[in-house]
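Sequence annotations record features per position, and here TrEMBL assigns L-histidine binding site to Asp131, Leu132, Thr133, Arg158, Gln174, Asp178, Arg327, Tyr331, Tyr332. Here TrEMBL flags 62-417 as domain 'Aminoacyl-transfer RNA synthetases class-II family profile'. The signal peptide annotation in TrEMBL covers 1-27.
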Amino acid sequence: MPQLGLLPRRAWAALLSQLLRPPCASCTRAVRCHSQVAEAVLTSQLKAHQEKPNFIIRTPKGTRDLSPQQMVVREKILDLVVSCFKRHGAKGMDTPAFELKEMLTEKYGEDSGLMYDLKDQGGELLSLRYDLTVPFARYLAMNKVKKMKRYHVGKVWRRESPTIVQGRYREFCQCDFDIAGQFDPMIPDAECLKIMCEILNGLQLGDFLIKVNDRRIVDGMFAVCGVPESKFRTICSSIDKLDKMAWKDVRHEMVAKKGLAPEVADRIGDYVRCHGGESLVKQMFQDPRLSQNKQALEGLGDLKLLFEYLTLFGIAKKISFDLSLARGLDYYTGVIYEAVLLHTPTQAGEEPLSVGSVAAGGRYDGLVGMFDPKGHKVPCVGLSIGVERIFNIVEQRMKTFGEKVRTTETQVLVATPHKNFLHERLKLIAELWDAGIKAEMLYKNNPKLLTQLHYCESTGIPLVVIVGEQELKEGVVKIRSVASREEVAIKRENLVAEIQKRLSES
């Protein structure tokens with residue numbers, strides 16, 4: 001609550017007397033009267049705050065505005081991602097930005113503390129959605145959907161320390177693709193990895209690698225190393241930090257902060273340093289400790305099958321079996337994966353930009369059952385594209401090479417060299433709009449022709465339609481190419497057809 005000291009003494013005394021008086025007889029509820037007074041208090045405090053000389057206009061920490069230029073870049077990224085999802089047969093859907101808090105709790109493990117809780121409004125405890133996966137599982141359970149292939153683009157919120165240079169924000173956009181339903185093993189999982197490859201290749205971010213592992217292998221590894229079952233999830237959360245922290249720091253966290261025996265941590269260290277391709281999967285089948293664990297063998301069997309399908313898809317070289325990959329979220333049950341850029345700069349002159357993983361996902365077969373009263377499960381597998389991190393890379397690249405972005409898609413400017421031609425311009429532009437042509441005009445009665453032409457050059461509009469006294473007498477209009485400055489007169493009735501022809505040829 002804002003400090004009461006911001007109010008002048010007289011104003012505060014008057015408001016206090018209002019709060020302490022009996023409720024109005026005309027009010028059906030006393031609360032209404034008091035809430036109005038409380039609102040007045042808050043309004044006065046905010047005004048006092050805004051009048052301070054050191055008041056700074058800014059966005060909240062971990063958030064940002066996007067300029068028109070940035071939105072163009074962002075929309076191109078999203079268009080590429082969504083077109084890939086649609087190419088693979090996904091349907092679009094949306095869920096509320098906030099959920100009942102009880103729907104989100106106990107789904108994220110240690111990360112549950114990062115959820116944004118909303119103040120109680122109307123008797124419901126609410127939280128902003130932390131990701132798009134849990135709301136999707138809730139949707140499936142609530143609507144008794146047993147099979148679905150969907151994509152979802154939306155904002156999520158996490159109360160963590162933002163590192164803007166790495167593309168980490170408190171409010172950010174996620175692009176998810178998920179396949180729900182009972183299918184033969186590893187076929188949907190392989191398609192998810194194929195989609196990640198298609199998107200990362202299409203974005204031309206440079207060379208990348210997709211790390212894969214399996215939660216059953218992770219749990220099996222913990223078991224054979226001597227981790228108590230009660231510590232599986234918390235140790236998994238520590239292992240998940242290996243992409244950001246050195247092994248010695250992760251080991252210290254597990255031993256000093258989480259009470260793991262040092263010799264157990266060292267045994268884990270022997271495994272998490274292992275990474276390779278299909279040959280490593282075969283090698284782990286022969287491991288004297290891991291091969292004795294049923295869960296680990298199931299995970300290894302699925303990974304062996306997965307690599308067969310990835311080879312058929314032609315992407316096996318982009319995939320690495322990495323035993324350090326853990327994915328900290330509690331709901332993963334099988335195959336997990338994460339895409340990282342091997343080196344962000346792809347051209348000379350670019351500065352290195354560390355952004356971490358740019359896509360991730362995995363299998364979560366038990367999440368829907370957590371919402372179902374009878375515990376009925378719907379197996380699911382999916383992926384999420386890290387739009388903000390990708391956007392940071394593309395934006396950095398554009399700044400380095402001075403690339404300019406056109407912020408509008410206007411194709412034609414309707415102009416005139418004479419005064420008192422507003423009505424003719426309005427009739428012309430309406431005709432173009434009705435034909436589906438993207439057109440603009442300056443909002444002045446009598447704009448100068450040079451001003452109109454400069455506007456076209458500065459905004460990248462390729463064509464100008466000019467109407468004046470001579471054109472009106474002859475029943476023609478002039479079409480001017482902004483790039484070549486060539487002008488041609490055409491009959492008024494042929495205007496739309498001529499513009500459409502020129503635009504189709506450009």
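Here the Cβ of each residue, glycine as well, is placed from N, Cα and C on the backbone.
What TrEMBL annotates, mapped onto the structure for a quick look.
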residue : record                   : Cβ within 10 Å
Asp131  : L-histidine binding site : 20
Thr133  : L-histidine binding site : 26
Gln174  : L-histidine binding site : 18
Arg327  : L-histidine binding site : 22
Tyr332  : L-histidine binding site : 24
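Predicted-model confidence for the domain 'Aminoacyl-transfer RNA synthetases class-II family profile' (62-417) is 91, expressed as mean pLDDT.
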